[in-house]
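*Asks:* Quick one: structure below, then a few questions.
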């Protein structure tokens, strides 16, 4: 489903609110920008019979930027993406995504299978093989059933459409409960500009890329180096600022395509603002869809020396199992929050700490304040009962000094359902 709720909850220092407000949500996803096509089909890669093969095709002249897992154990498709982007100078045009098999820890066969898939698709699209990227998601150690995948390429290409974003978003899911897609539009330099996106992720989610796949598209031209730098800044404040369970994956990838008339230099900051809005919304959707989650957790940290340090504290709080279980139990246990913040490796004065849980202030000058525990617990329960990605967010605000740095991170609560899902994942 398209996520068109209020999304402009950006860090004040990430982008100005004036630039973010230029963008308005529209229906659609990754194929919403002009010239982009997408498709998603059921090829038979999953035993469940659910959609499992997706394709995104960018117009001629597109540039592509990529961010990938930081894990030393990387899937073959990640290595292939890196190699192909280098070989084509960032001029990739297509990405094929299979779900069901991660094709990680599969040795030389895994690499050859990814290469074979890219070669087969390149032939059908009449593209140089270096312009075709491959992404996989699913169970680690399981190779792709190549005969099944290759048999699915012809119907997949035939299904390409500028209205195929929703089908593509559905075909990349694994344990996700909902599709994650989003689109925006703005007037920049007297012309309409659109940004689209889709993502998947539910478990094995942690900062520095997580078991997530993210795809962004835009119908203006941007120089390759500027586009790559822009994507890195955006990912640092979105996909790298979320956590579900603290585990980093072998397959994490975020690819961004831009194609169209070159955008004037003076509008690049506004474009980045829109890209950040889209990426943050997708990141929040991933965190909210965390396995077994009942609510979204948003932590804002202020008062440290810089934004990077603020995000580090926020991520640490979001990732704390004790904080996450307290939120799930609707327990306003503020001690767990400040204890987690103190473990982030960022210096601050504990005597300067102030803390809020939603509208309830819990601490001031490093000491607890009297507060209505039942009301604070009720605040969290009301978020659980709220509507999806609208008023279902438990908000924590932590001020640790008078520095200029601020940052946000997103996570979710931790339930017994998460344990059941992952205990039974391969059985």
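Every residue, even glycine, has its Cβ placed from backbone N, Cα and C.
Summarising the annotation, Swiss-Prot assigns substrate binding site to 174, 200, 211, 291, 422, 427 and lists sequence analysis as the type of evidence. The feature active site, nucleophile is assigned by Swiss-Prot to 211.
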*Asks:* May I ask you to report the DSSP-based helix, strand or coil state of residue 422 (substrate binding site)?
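*Replies:* Assignment for residue 422 (substrate binding site) reads helix.
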*Asks:* Inside 10 Å of the Cβ of residue 200 (substrate binding site), count up the other Cβ atoms and send me the figure.
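*Replies:* Other Cβ atoms within 10 Å of residue 200 (substrate binding site): 28.
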*Asks:* Would you mind ranking the binding-site residues 174, 422 by how many other Cβ atoms sit within 10 Å of each Cβ and giving me the lowest?
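*Replies:* Checked 174, 422; of these binding-site residues, fewest Cβ neighbours within 10 Å: 422.
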*Asks:* Count the other Cβ atoms sitting within 10 Å of the Cβ of residue 291 (substrate binding site), across every protein chain shown.
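*Replies:* Within a 10 Å radius of the Cβ of residue 291 (substrate binding site) lie 24 other Cβ atoms.
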